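The structure appears right after this line, and notes come after that.
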Amino acid sequence: MAGLFQCNKYFRGMLQLKVIADDMSDGWPSALFAHSRCSEPCKPGFRKAKLKGQPSCCYTCVLCADGEMSNITDAQSCTKCSKYERSNRGRTSCIPRDINYLSYDDHLGSTLSSISVTFSISCAVILGIFIKYRETPIVRANNRYLSCLLLISLMLCFLCTLLFIGRPTQICCLLRQVTFGIVFTISVSSVLAKTLTVIIAFNATKPGSKLKKYVGTQLAIILVIVCSSGEIIISIVWLVSNPPFPEADTLSDPDYIILLCNEGSGFFFFCIIGYIGTLALLSFIAAFLAKDFPDRFNEAKNITFSMLGFCSVWGAFVPAYLSSKGSRMVAVEIFAILSSSAGLLGCIFIPKCYIIFLRPELNTKANRII
């Protein structure tokens, strides 16, 4: 349209122009409103953002932020989705957020659970071997009762990882860390007791030694009970004062609701880890000091390697655990449990099984190996 226009007013973000003169045919009205805008309409999923120093009809379209949506044209603002929802790809609607936890249906969860069951069966098989050959020198010389206790506790260590897999529940959250802590403490205490048994047995052979009365299973069992009692006390205080509970984390990941076990108190969790680490360090030091004993006391060498691997795994666990989230955090702890338990099983018991089946000529009193 050609003619003379006068700015009248803004209406709904559009500039209204009043025709005060025109050169069109007489068939046109003498007064006509024409709409003018300098920006295209904002599509759903966007909101209008005013341009500074420009008329209100001049704006830019801004994509709604993640977790927000708009489902109308020329939306003035975006609507925030609820904490259990996320925006779709086009930011035009809110959709339910996916649930994230370490499931048996996941490849990672199924793999870890299979490894756990396999190692627990291995412990049961080795336990059966030790029971069958309990009267042979290789088994008797290693404090067979303590060896059986260590195998049972290792089997429980492997099985306790199954509490970490699956949808978190109240009972699983309460049991998984304290169960892991107690059975692992029994395992490491048994290793410490075996190491001290080696040291006492070696020194008891010296003339005039007063350590002969301590040689036997009684001292070792008492040591395991005392060391395990400390972990049990920590666990009871934790469960009474600030127990773990299941929680839905909606803040860590915008796309997922992470189901996890809130440990209640990070202090008690790291107290459990620290207590086990202290026992492992003592076992390593004692085994290292005893590693140069004569060959018939050379179980200390195997314990040294197992404790070195144990301490390395759990030393790397702490930063890896703190830097992980969701199912990966759980997987990191399961991996630490499995690898450290497998190290104990492999270093301490596999050499003995090798002698029992492949080198039976060494399984004699004349070639006794501890």
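Cβ atoms are placed via backbone N, Cα and C, with glycine included.
What TrEMBL says about this protein:
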type	residues	note
DOMAIN	108-370	domain 'G-protein coupled receptors family 3 profile'
TRANSMEM	112-133	transmembrane segment
TRANSMEM	145-166	transmembrane segment
TRANSMEM	178-202	transmembrane segment
TRANSMEM	214-240	transmembrane segment
TRANSMEM	267-290	transmembrane segment
TRANSMEM	302-322	transmembrane segment
TRANSMEM	334-358	transmembrane segment
Range from 145-166, 214-240, 267-290, 302-322 with the greatest count of C-beta pairs under 8 A to the transmembrane segment (178-202): 214-240
Non-local residues, at least 6 beyond the ends, that sit with Cβ under 8 Å of the transmembrane segment (302-322): 188, 191, 194-195, 273, 276-277, 280-281, 283-284, 287-288, 291, 329, 332-333, 336, 339-340, 343-344, 346-348, 351
Chain residues outside the transmembrane segment (214-240) and at least six past its termini with a C-beta under 8 angstroms from it: 143, 145-146, 149, 174, 178, 181-182, 185-186, 188-190, 192-194, 196-197, 200-201, 204, 264-265, 268-269, 271-272, 275-276, 279
Taken over the domain 'G-protein coupled receptors family 3 profile' (108-370), the model's mean pLDDT: 89
